[in-house]
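Asker: Annotations per Swiss-Prot:
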COILED    116-132  coiled coil
COILED    206-240  coiled coil
DOMAIN    24-287  domain 'BAR'
DOMAIN    335-395  domain 'SH3'
MOD_RES   Met1  N-acetylmethionine
MOD_RES   Ser10  phosphoserine
MOD_RES   Ser395  phosphoserine
REGION    1-27  region 'Membrane-binding amphipathic helix'
Amino acid sequence: MDFNMKKLASDAGIFFTRAVQFTEEKFGQAEKTELDAHFENLLARADSTKNWTEKILRQTEVLLQPNPSARVEEFLYEKLDRKVPSRVTNGELLAQYMADAASELGPTTPYGKTLIKVAEAEKQLGAAERDFIHTASISFLTPLRNFLEGDWKTISKERRLLQNRRLDLDACKARLKKAKAAEAKATTVPDFQETRPRNYILSASASALWNDEVDKAEQELRVAQTEFDRQAEVTRLLLEGISSTHVNHLRCLHEFVKSQTTYYAQCYRHMLDLQKQLGRFPGTFVGTTEPASPPLSSTSPTTAAATMPVVPSVASLAPPGEASLCLEEVAPPASGTRKARVLYDYEAADSSELALLADELITVYSLPGMDPDWLIGERGNKKGKVPVTYLELLS
């Protein structure tokens with residue numbers, strides 16, 4: 001118990017000495033040991049790394065989870081060391097709504113079939129988003145969080161310890177300076193004509209006491225200087241480790257870009273497949289024209305089928321041979337044609353469509369009754385339907 005009280009009193013004395021030294025430094029009444037320029041640069045770089053890492057971490061969390069309530073919930077689960085429950089993505093929720101709507105409105109109708117197809121694509125988008133969030137959290141967010149909660153806390157602890165060692169060192173310097181000044185004053189030879197013998201003896205005793213005080217202060221200064229140098233070296237090594245942190249974060253950033261590229265490539269592929277599937281749906285993107293034959297009531301079904309003109313928008317309903325024949329018989333409209341540059345490669349879904357290669361030039365035009373998302377494209381002797389989204393129309 002007595003030992004604990006002595007230690008408590010000693011700690012209180014050290015704390016008071018540091019507080020006095022810190023206050024006098026702030027008011028310019030005490031000298032302060034300055035760190036070298038290289039050390040100051042290391043401190044500034046470490047602080048900058050910590051600040052920007054926090055900002056990047058927070059904004060990446062917002063990117064992956066825009067809902068602030070969900071982010072708070074995930075944060076609480078992590079602090080409680082509990083597994084974060086699986087959360088349905090917005091794409092998966094939209095897919096469920098579309099599937100339910102198709103079931104209620106009629107899955108066999110054109111609208112219902114389209115809802116089902118779009119729901120499948122949205123579900124795939126939601127799954128891709130879930131994989132991206134999981135991959136980005138492991139490969140990018142976790143290393144950043146580990147730096148802030150691990151390495152940076154160690155650096156901060158050692159920096160605080162270095163600050164205390166510096167205050168102790170400067171306090172010892174101030175104490176030694178005062179002791180030397182008092183010793184110099186005490187060792188001044190008194191005037192025997194004005195000084196009584198008794199005062200002379202007291203002056204000699206005081207001089208001896210101040211000599212002991214100077215020796216003690218010098219010993220404390222040497223110990224404080226050694227501890228300060230040792231702590232400065234430890235802190236310097238930790239600060240120089242920030243370079244390794246930058247290398248690690250650079251590798252993690254490459255992983256994040258890779259996962260994000262994979263995610264958007266999957267989304268593009270899913271939507272491209274969806275667009276092709278919707279383009280092949282009969283009755284979904286079908287344009288019609290007025291029949292050139294007599295009314296069906298005055299002709300037989302065979303005669304009506306033979307006399308009905310076939311346009312490219314319904315060529316997919318006919319056999320391949322007939323579809324090709326009909327496309328060859330289609331003539332450009334009187335309003336003229338336009339040139340278009342192909343933006344992306346496109347694989348024809350059937351014989352009524354024209355396969356495209358990126359950056360090639362083709363001639364395009366529209367026919368009455370065609371869906372606005374499609375045009376007729378010509379390249380040499382070949383012609384067929386092409387999606388507008390794959391083209392850049394030239395003036």
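For all residues, glycine too, the Cβ spot is worked out from N, Cα and C.
Surface or core, plus neighbours and distances: that's what I need for these features.
Answerer: Within the model, the coiled coil (206-240) carries an average pLDDT of 85.
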Asker: Near the coiled coil (116-132), which same-chain residues lie under 8 Å Cβ to Cβ, leaving out any that are not at least 6 residues past its ends?
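Answerer: Distant contacts of the coiled coil (116-132): 64, 88-96, 98-99, 102, 107, 259-260, 262-263, 266-267, 270-271, 273-274, 277-278, 281.
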Asker: So what's near the coiled coil (206-240) in sequence-distant terms, Cβ-Cβ under 8 Å and 6+ beyond its ends?
Answerer: 33, 35, 39, 42-43, 45-46, 151, 154-155, 158-159, 161-162, 165-166, 168-169, 171-173, 175-176, 179-180, 182-183, 186-187
